[in-house]
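Lifted from Swiss-Prot, the feature list:
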COMPBIAS  1-17  compositional bias 'Basic and acidic residues'
REGION    1-22  region 'Disordered'
ACT_SITE  119  active site, proton acceptor
DOMAIN    125-360  domain 'Radical SAM core'
DISULFID  132-365  disulfide bond
BINDING   139, 143, 146  [4Fe-4S] cluster binding site
BINDING   190, 191, 223, 246, 247, 248, 322  S-adenosyl-L-methionine binding site
ACT_SITE  365  active site, S-methylcysteine intermediate
C-alpha cells in the first residue's frame, strides 16, 4: 500500500472513531497490531498472540482470547470489532467431465466488510486442490480480453480480505472433497503487484508454520503483467513463491493492443526485469500465453515467442481463451494451436498446456467480474 493510501486509511479510521464507530481490527496488519498494543501499554509479544487468535484460531470474539488479560480483551472489545469476509454465493460447474471425475470447479462470491463483492475459485483435481484468489476489487489495467479489467477498479483488498478468501475456500475444500488446499494462485481479480504490501502480508500469514492453516511458499504462485519494480522487490524479499508473467504476445504492437500497460512496460523492459528476477532468485518464471484466433496464434507469433523466451529463464504455459459473451475474441482453433505448440517444442522450449476449468460458470482465467462487462 502506498504512503498516501495508508494516511488516507488512517484518517478514515480516526474519523470513524470520532463518530463512535468501532473499527474492524482485521484491517490492521501485524505491524499495526504491534503499534496498537504498544499504545495500550502492552508488550510487543501480545501482538503475536492477538494475530494468532485472529488468523490461526480465527476467533470471532475477543472473549475467546484466553491468553490475553481480561482487561485487554475488554479494552479491545470497546474499540474494535472482528468482521471477517463471508461467503454469500456459490456456483458449481456441472459439465459431463466434471461430473465424471467428481471434481467440479466451484466459484464463490464473497462479501467484504463494506459490502463490496469479490470472486474466488476452487479448482480440484486428483493431485491437488487449488484456490484461485483475488487481490483487488476489479482491476485498473483494463486488458482488452479480461472481464475483470472491463468492470473497472474499486479498491485494493486488505491483507485479511485476501487471507479470508483462502480460509473460506479451505473450509469448502474440506467439506466438498474431504481434503484441504494444496496450492494457492493469485490469478483472480486484480493485479497482485499493484497491491503488493497486502499480498506479501497475506502470504506471511498463510505460510506461518505453526498456524492451523499453513502452506509452503513454494505452493503459491503470483501472476502479474510484469511490473519491474515490484518484481525486483519480490525477488529480493527472499520469498520462495513462483512467478507467472502474463505475456500473451511477443509482438510489441499486438501486446499493446491486448494490454495497454505494455506501452509503458515494453518487451525489452519486461525481458530485463525477468532476467534480473532470474539472476536474484536463480528461478525461472512462467510465461503465460493465451491463444486468440487471428490475433496471436500465427506461425510468426510463435517465432516471436521463441525469440523472446530464449532471452530469459522460463517455461511457457499456453492457455485457451475463455469466451466472454460481450467481447468478440475467439479461442485459437485446434489446428493452429497444435502447430503453435510444435513450433515451441521444436525450438527446445519447455511448454505446458493448461486445461481450462470453470469456463461454463465464468470462473476460468479472465472471466471473473462481480459487475456486468460492457
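Each residue's number is its place along the chain shown, starting with 1.
Glycine is no exception: its Cβ is also placed from the backbone N, Cα and C atoms.
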Cα nearest residue 223 (S-adenosyl-L-methionine binding site) among recorded positions (132, 143, 146) -> 132
For residue 247 (S-adenosyl-L-methionine binding site), the closest of the recorded positions by C-alpha position, picking from 119, 132, 143, 146, is 143
Fewest neighbouring Cβ atoms within 10 Å among the binding-site residues 223, 246 goes to 223
Comparing local Cβ density (other Cβ atoms within 10 Å) for the recorded positions 119, 191 points to 191
The rounded CA-CA distance in Å from residue 322 (S-adenosyl-L-methionine binding site) to residue 143 ([4Fe-4S] cluster binding site) is 14
In three-state DSSP terms, the residue listed as 'active site, proton acceptor' is classed as strand
By a three-class reduction of DSSP, residue 143 ([4Fe-4S] cluster binding site) is assigned coil
